[in-house]
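These come from TrEMBL:
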{"type": "COMPBIAS", "residues": "762-797", "note": "compositional bias 'Polar residues'"}
{"type": "COMPBIAS", "residues": "837-857", "note": "compositional bias 'Low complexity'"}
{"type": "DOMAIN", "residues": "7-202", "note": "domain 'CSC1/OSCA1-like N-terminal transmembrane'"}
{"type": "DOMAIN", "residues": "224-297", "note": "domain 'CSC1/OSCA1-like cytosolic'"}
{"type": "DOMAIN", "residues": "311-358", "note": "domain 'CSC1/OSCA1-like cytosolic'"}
{"type": "DOMAIN", "residues": "369-642", "note": "domain 'CSC1/OSCA1-like 7TM region'"}
{"type": "REGION", "residues": "739-801", "note": "region 'Disordered'"}
{"type": "REGION", "residues": "825-874", "note": "region 'Disordered'"}
{"type": "TRANSMEM", "residues": "12-30", "note": "transmembrane segment"}
{"type": "TRANSMEM", "residues": "114-136", "note": "transmembrane segment"}
{"type": "TRANSMEM", "residues": "182-202", "note": "transmembrane segment"}
{"type": "TRANSMEM", "residues": "371-395", "note": "transmembrane segment"}
{"type": "TRANSMEM", "residues": "415-443", "note": "transmembrane segment"}
{"type": "TRANSMEM", "residues": "463-482", "note": "transmembrane segment"}
{"type": "TRANSMEM", "residues": "571-603", "note": "transmembrane segment"}
{"type": "TRANSMEM", "residues": "623-644", "note": "transmembrane segment"}
Amino acid sequence: MTTLRDIGVSALINIVGTILSLVGFMALSLQPMNDRVYKPKLYLKGVLRDSPSSTSRNNNNNNSHRHFETDFRQYLWSFSWVAAALRMPEENLIEHAGLDSVVYLRIYLLGLKVFVPMTIIGMVVLVTVNVGAGFLDDNATTQSTTSTNTNDTTSSSNTTQLVFSGIDKLSISNIPDGSPRLWCHLIVSYIFTAWTCYMLYLEYRTITNMRRRFQDDDHRRPDQFTVLVQQVPRQFDESIHIQVDDYFKRNHPEYYLTHQLVYNANKLSKFVRKRERIRNWLAFSQLKLSREATTPTTRAEAERLVILDDPKRTMAAAFVSFKSRWGAAVCAQTQQNSNPTVWLTQWAPEPRDINWKNLAIPYMQLTCRRVFVNIGVFLLVFFFLVPVALVQSLASLTAIQSTFPWLSKVLQQQFFASFIQGFLPGFILKLFTMVIPYLVTCFSAIEGHVSLSRLETTAATKFYYFVVINVFFGSILTGSAFSELQLFVGQSSLVGILKTLAVTIPMKASFFITYVMVDGWAGPAFEILRVIPLVSYHLLNSFFVKTEGDKIKAMSPGTISLSTSLPQLELYFLMGLVYSVITPLILPFIVITFLIGFIVYRHQVINVYDAPYESAGGFWPHVHGHIIAALIIEHLTLIGLFLIQGPISFGVISSDTETTLVGRILQYCKEALSSTPFMVALPIFTMIFHNQCKKRFEPAFKRIPLEMAVKKDLEDKAKEPRFNLAVFLRNAYKHPDFSDEIDNTPDVEATNKSPIIEDNLSEASSSQPEIPNKNQMSGEESTSTPQEATLEDQSTLKNDDTKSVLDEQNAVGLNFLFSTSMGNEQEEFDAPTNAIVPSPSNSVVSTPSNTSVPAPSRLKPNSANPVGTPKTRK
């Protein structure tokens, strides 16, 4: 049993480790050669372009000053990073890091708001009440343990003994059954629940308002105008492209603008990644590539043509864009067909948030995949109880001595015994659970979620179930507590079994305190030290970095892993809420955990982490629901404790063999519930509060009000009446492996329409003027918009060399070609791609012999298909 001495040793080890990690971080982050490790985000955003940390570098030409900080005055101000992390206002932090990062940090802030008042009340009121009861002192006998548990006592019984430690005297276990002091715990539980719900309500309201302001900003985003359509019914006589185009022109004639088909390009992605490695090597060496090295480029090109020409590689889904936010909102939030299983619509994720690999999974497979994944998660959770039980056995010196007799002499030393009981179990359990987030992330990926944010949220939910069942309940019901429960299995006293369970729950608070210190104190300190990225960057920079792009990749800024971080925070809430009334001593450790995490991760968000996508805080409803679940678990635990320790007489329950077990249970429940009716009301009130929050705030995370959409549309029209939305959206949802395709002409109406994107520019807006072609630009007055005119001017100013390259390059958009002529290899480079707007495809493919052949059709051959027919002008 963990004692106060064991907790003290564990706290000492974790505090020393935390301080050493922070000191190491402050020393390493001051060195100029580590700037790209500890400030990578500032380099990615262009705030830093060279290592600026060394103050003496510019005053001395010594090469060592370029790598090390020699001004010792800077070390005296090394703690300034804390003030810098707290100084940035929340509005600026949203602009700098995104709303997801700010919402994540607000979870730490919520923990401080909830648990700081609880800590004050718990330590002043509850601990005083518990210690004053003196039940364990009056009914316990001191054990003759010369090795470790000098503070341990046992509660006498006719047949069994339960071992207690000094920390249990501070818990509810120190209060006798039926004591009036329990009314204090009942009242405090109501106060804690009301305070937690009030803070949750304020936080939910604040985050909802932040999300609306974020969505209502002045920046136009593609996901505001785009809807993901799935389950497009296939027809043998028409392609998916024609079906989508006809369906939305018929049902949304005034607002439909364009669409982007979804392809199964998973095989192409492998070729593209291999081609990028070759390109990177070419940029470094500036040498000609061998014929073998050109193979990945040729294979990537061939695979791309196969994808575009094979109807089977076209998925029954599309990204459909609209001319206004109102049109997109109506489509995304309504049922499109009388058959609810086809033409399914939802808001399209942000382009960076799309999981392109899972878009290639047929929609009908998703249900089967999720069933098998749930079975796998169930097996993972319950089979992992075995290592949890092994870890909990380390908390009992008796079990260790019986298993490893040769450790008896070592365990006689108090420090080593406290190290094994106080620090080692939590550390080993943390090591065991480190691999679980990666497993549940793989499970979520198999489920087929089309957005990365949704994938991380579901992985976080699975990991939360895991830590609740294994780390929380598993730690309570296994190890020493499990062995003590075995003593009552053979008895006929139902009250004895329930009483033992009520006693063992407070006894495990000491283990959770040590686990919080290992995971919540040393964990963030090790995270800010960034040992693995530091070593990795210097190894890569010394041996493998060839270009500036390689240096950017070597920085590895990382990101906030929601699948790992959110369940850990929710576990802290669970431990703090459940034990806030039972063992209030855990509350100060929870507060320190949230404080360290808030400072450390705020610094990381500002200087290190680079968010791969933005979901506008879409994960907050899940966090709110899990905190509510923690409150419910707290209430159920307290109900069990009050049923056992409430003001009832256990003598009225007889174990006479003439009375059946069911009758005794009913009699016991009747008398117990009659004495604790107020505690039963707490979970009911909590669920009512949760439902009200869902009705009031959760719709803002699922739908966009039409009123807001109309308001933004009118504002955009007033500010930029001639903005060409079709050009803005045409390549927003193109598959990244098609992103290097080049549109050789800015006149999008004069090019052939492609199944990759159907650019209905002629119907985009009746108020927009017609875009002139090149002949009109040369001899007639231009009527194009300013943006279109800029594109035309850029195309007109191309020199003859660029035009010749454009004539020779492939229409599908390779950035460079390698051709062999007369036995000599000649290297050709394509024209700059930043001067024109990319286009899905061209209608003519230029072969190496300059023989023009028709581009392969991306649809099933159909003579009635007008897609390949270019439009002409008068």
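Every residue, even glycine, has its Cβ placed from backbone N, Cα and C.
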Predicted model, mean pLDDT over the domain 'CSC1/OSCA1-like cytosolic' (311-358): 90
For the transmembrane segment (571-603), distant same-chain residues with Cβ under 8 A (at least six beyond the ends): 18, 81-82, 84-86, 104-105, 108-109, 111-112, 114-116, 118-119, 122-123, 126-127, 167, 170-172, 185, 188-189, 192, 196, 464, 467-468, 471-472, 505-506, 509, 512-513, 516-517, 520-521, 524-525, 527-528, 560, 626-627, 629-631, 633-634, 637-638, 641
Other parts of the chain folded back onto the transmembrane segment (623-644), taken as Cβ under 8 Å at six or more residues beyond its ends: 107, 172, 177, 182, 185-186, 189, 193, 196-197, 200, 203-204, 461, 464, 468, 495, 498-499, 501-502, 505, 566, 569-570, 573-574, 577-578, 580-582, 669, 672-673, 676, 679-680, 682-683, 686-687, 689-690, 693
Maximum Cβ pairs under 8 Å to the transmembrane segment (415-443) - stretch from the list 12-30, 114-136, 182-202: 12-30
Same-chain residue ranges lying at least 6 outside the transmembrane segment (12-30) that approach it to Cβ under 8 Å: 37-39, 53, 69, 74-75, 78-79, 81, 419, 423, 517-518, 521-522, 525-526, 528-530, 534, 596
For the transmembrane segment (371-395), sequence-distant contacts whose Cβ falls under 8 Å of one of its Cβ atoms, 6 or more beyond its ends: 1-2, 403, 420-421, 424-425, 428-429, 432, 436, 439-440, 443-444, 446-447, 462, 465-466, 469-471, 474-475, 478-482, 511
Per-state residue totals over the domain 'CSC1/OSCA1-like cytosolic' (311-358) - DSSP helix, strand, coil: 17 helix, 14 strand, 17 coil
